[in-house]
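Here the structure comes first, spelled out in structure tokens, and everything after it is commentary.
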Amino acid sequence: MFSSLRIKLQNACTRTTISRIHFSFIVVAFVHCTSLVFLHSISFAVNIEGRHLMIHIMDTAGAPRDNLAVVATSPTALYVCQDVPSDGLTAKDFAAMRRMCPQLAPVPISSTSGSTNVGGNPADSNQQHADPSPLPQDDGVADADEDEEEDEDDLDEIDSDSDSDSDSDSEFGEDSDSDSDDEEDDEEVPTSVTTTGTATSTASSTTSSATSSVQPPARATVKRSLRSTHPDDENTTYVRRKVRRFLYPKDMTLFPAVHNSTLTGVDIVGLETKGGLRNDKGALFVSNSCAAGLRFPDQTLQDMERENVSFMAFHVWLLVISVAAIMQESIPHLVSALAGQLLATSFSTWDIFRTLRFRMHLDELVKEPLCSGADLLPSFWKLRNAFNVSIACINITALALAIFLSYKLIKMWLISNFRSVGAGPTVEKLYRVLMAFSTLLRLYFFFVVLTAALWIDQIAGGLMHTFLTRSQYDGYLGICTLAIIFALPLVLLGDLSMRRERRGLAIGFLVMQGCFLAFHVALLASSPIFRWTLIVWPFFALNVGASFLLAVVVLVMGVICFKNFGRGLDHYLHVAEVLEQQGFTPALIPADPFILPIARRTASGKFEAAIEQGDTLKIKVTEPSFRDSQQPPVSAAAWSDITAALDASSPTPVGVSRWSDSTMTKSIAMTSTRGSWDSRFERVTPAPPMPPVPSPMPMPRRDSGFDSIASIPVFDNRNTVRVSDVGQEVQRPRH
């Protein structure tokens, strides 16, 4: 097996023509892959840093992170669902969602000029207007309200624990002054602080409304500096440190905002942003309802991280497919790479507008009604838009170059492949169907693997894990793992069975493809959790739709190829493969067995010749020893100059072969055009017999199989010309 693979690799390297088009295509594919992998990796770091700030704010405020944030339309509103509606259709889902899920935004906003109690705190509005989020005293210590007496010994213990311990769970900075959540600290604090954040807004006396309350988990202690962010944290990668320094130039510290022993929100020190509520210390106040609304950007940024990883893998796959297309001179690989490039360009262009829409929804549903106009991602949008535009421009440029180079390569390879099989109209049609099937099969391989991998990541570490039962989780994990394992055998089996017309293997492939189609149907019909993921994650919905559509098309194309068995395509492809295994360049297999010999003889007794445009060959032709009565007498011919004229524009006189003696002796300047064939060069009626030409030297008689030198057919296949007399000799004159 390994020797056969080695021979195939050697033959692939031998037959690969490194022309300017081939080299340019490889360079474009490599530069495109490396540049986009680099940009997506940095964009991945940007999404991580933006999302982690949301996570720390929600954790500090006690906002739940296991809810599903859904943006409903008509009218636009933000809902946070603790469970997934079980209805089937989208319209019914939104109707059920409005009944069972609390609405966070939009909510009425106070029209007064003073500070607004956007946190929905139980304290009266006058006191909140005066000091909505008092900054903790004693170097940032978040103590309880000054009016409430606490035991001094307990407070000293809390202070010592807070100063000594660090928050090991914080990925946002270096050692902070937060204590660990151990049981001993919980027992030492007799006055444990619980919090109940509500998604309401205190409006003016004339207009006020409230929505359903969101209950964050209770906290046992009030910590001091709960989160301390340092951009130069050595625990993170170099790229993330640079991105963090750009997004947050100053060190940030997050404190719980406590009022009357109740956690009302979060105070952020060091965040440079416009808008929002600030206390007399200059700290930005983030209410509980604002922290609950951050579930929407947190969920969206997490999906964007998965998209970045998916596109990095996708562009590496495109590079591998492109190199394989050049090495194997494979049109299906080339078309697959071109189709993948088209999809990547379309999505990157759409991603620009999707990011703008995401920001619009965030401002409309979270920033203005819940966070009092505070932009918690001030520098994120500048970086995100810059990367989106850069990726789209690179994709558009690479797509234009790929279309041009692919057109040149496909045109060259189509002419070569059709001539290699001696293709008539029927064989050409069969070959095109086979190439279309191979192209779609390779595209389906990537999309089905990507769909299964994204869903595994979603149910294993994503939001949907909390909504699944144990049996549902095991079922999803099992079928997605099987799909990933059997995707590659499916491609190999389909390509082998259809190219070699193996009926048993083809039936097995069709059965496997039917199982994969059932896999897609099972995902869609299994539970509303999967369908809700399609609603809240457009990228995943596009992958699921593309993989399902490709599964149907591949199955239909497989049935068509199966019906085409026995119509002649297998014979020609088999002959080409046998010649390749014997060390032949996969060139011409003409219908007529005429091979133009040269000095290099192979083990089978055949010869091979390659001519360049305008080359002149000297051929020594002898008179055949046996002739039919209808054939004119042919004397031994001397050396004659033959100029390759495979696609000459000058017309040929009627009754005179383009390869006749008169044509050669007059030295008509006819040059060859690579990859072309003129039907006028088929065997024609021989010209009238010429008077015998005395030979300057005696030449042996050998049966060449030709009537005369005027009837030698020439076939072109990437500069390769062959005829079938092993006894002739060809010399290329030295210039």
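Even glycines carry a Cβ here, placed using N, Cα and C.
Sequence-distant contacts of the transmembrane segment (21-46) (same chain, six or more residues past either end, CB-CB distance under 8 Å): 237, 239-240, 243, 247, 304-305, 308-309, 311-312, 315-316, 318-319, 322-323, 326, 337, 341, 344, 380, 383-384, 387, 390-391, 394-395, 398, 401-402, 405-406, 408-409, 412. Summarising the annotation, TrEMBL assigns transmembrane segment to 21-46 (among others).
The region 'Disordered' annotation in TrEMBL covers 106-235.
Marked as compositional bias 'Low complexity' by TrEMBL: 110-121 (among others).
Here TrEMBL flags 140-189 as compositional bias 'Acidic residues'.
The annotation compositional bias 'Low complexity' is assigned in TrEMBL to 191-213 (among others).
Within its own chain, the transmembrane segment (386-410) is flanked in space by residues 21-22, 24-25, 28-29, 31-32, 35-36, 39-40, 42-43, 46, 325, 331, 334-335, 337-338, 341-342, 344-345, 348-349, 351-352, 355, which lie at least six positions past its ends and keep a Cβ under 8 Å from the stretch. Positions annotated as transmembrane segment by TrEMBL: 386-410 (among others).
Here TrEMBL flags 430-456 (among others) as transmembrane segment.
Taken from TrEMBL, the feature transmembrane segment applies to 476-493 (among others). When Cβ-Cβ distances below 8 Å are used as the criterion, the transmembrane segment (476-493) is approached by residues 441-442, 445, 448-449, 452-453, 455-456, 459-460, 468, 505, 508-509, 512-513, 516, 519, 522-523, 526 of the same chain, each at least six residues removed from its ends.
Annotated transmembrane segment per TrEMBL: 505-529 (among others), in sequence order.
Residues or ranges marked as transmembrane segment in TrEMBL: 535-562 (among others).
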Non-local residues, at least 6 beyond the ends, that sit with Cβ under 8 Å of the transmembrane segment (430-456): 306, 310, 313-314, 317, 321, 331-333, 335-336, 339-340, 417-418, 421, 423, 476-477, 480-481, 483-484, 487-488, 490-491, 494-495, 498-499, 516, 523, 530, 533, 540, 543-544, 546-547, 550-551, 553-554, 557-558, 560-561, 564, 567-569
